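For reference, Swiss-Prot has these:
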ACT_SITE  107  active site, nucleophile
ACT_SITE  209  active site, cysteine persulfide intermediate
BINDING   7, 8, 9, 10, 11, 12, 13, 14, 33, 132  ATP binding site
DISULFID  107-209  disulfide bond
SITE      133  site 'Interaction with tRNA'
SITE      349  site 'Interaction with tRNA'
């Protein structure tokens, strides 16, 4: 029998993925990953589960029950050190540099599709690795007649997770299975219900990858001390004080502390200046300073040819694809141009590129411009 190792999280998606693989005749084994230790990692402020049973332990119990239901072996592995060093410290460093990172993408790059794969292939020797992501893999024949995996969008466009997988290398996609790629979320729930899986009605996980729900301001304060600074309008008018520019992101409306400032429209973050620790805000969700027409993208991971310079891009999860024109600067950096202008293109976030339903690659948004002038987004 062909052996598959599936990542089991305790949620319904990975449970149905394991169920489908077994139904298709694979020899299935599962692995549960533990990647965060609240006490060891000083996760105190903003942690609503600090005095309760750790949510990861509850997820592990659900994974055990699912594996027992399906009659598959469950392994448990800790990647706490790897997660801290490769994901979380990169996450914190980005905030220190006034960027807005995406921990889910870092987590996929370094843990789920690196540390996990290394563990599974070394210890369990499967032919395939499977995950419960909403994505697809298709294969193209290269010039030397080898089959090359390409990351393709899921059928369920609302749940498609290729954005979070967009920085994986071609090597990381080798021998990967995504059993849910051609199913909708509703169909996945229905399969779980029809087969009495214990977590069929369990709500989807939210929050930071493997950490969970947190009060974001308080959570970051465990690792980034508050740095009081000025909140100003673009013309320099002082409005109030903030807790530190790294706590805010471009386009943010809530938790600005401007409730006492008279205004006709809601305030939005339109700029951040780290050297002076100044947060810039303006009124209205369509303020011109929120828009840009060019961005510099770095740390590129690209899969396939670079010949097509007219692609679509996604600068945040679930954003409708945007038409962009690429100008390659070197192997690792490019500029994207979008004359139609796009709102809240945020340094630190990932820009994923698409050619129809194929995700070609992605990079980190470094700088943002409008009509040749750099926006004060960092």
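Note that Cβ sites are derived from N, Cα and C of the backbone, with glycine treated the same way.
Structure coloured by features recorded in Swiss-Prot.
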{"residue": "7", "record": "ATP binding site", "contacts (Cβ under 8 Å, 6+ apart)": "14, 30, 31, 32, 33, 112, 116, 129, 130, 131, 132"}
{"residue": "9", "record": "ATP binding site", "contacts (Cβ under 8 Å, 6+ apart)": "32, 33, 59, 63, 132, 205"}
{"residue": "11", "record": "ATP binding site", "contacts (Cβ under 8 Å, 6+ apart)": "59, 62, 132, 199, 202, 204, 205"}
{"residue": "13", "record": "ATP binding site", "contacts (Cβ under 8 Å, 6+ apart)": "132, 133, 134, 180, 188, 204"}
{"residue": "349", "record": "site 'Interaction with tRNA'", "contacts (Cβ under 8 Å, 6+ apart)": "100, 101, 102, 315, 316, 364, 365"}
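In this structure, residue 7 (ATP binding site) is part of a beta strand by DSSP. Overall, the recorded ATP-binding residues 7, 8, 9, 10, 11, 12, 13, 14, 33, 132 cover a maximum inter-Cα distance of 16 Å. Its Cβ placed at the centre, residue 107 (active site, nucleophile) has 24 other Cβ atoms within 10 Å. Residue 133 (site 'Interaction with tRNA') is surrounded by 25 other CB atoms, counting those within 10 A of its CB over all protein chains shown. All chains included, 27 other C-beta atoms sit within 10 angstroms of the C-beta of residue 33 (ATP binding site).
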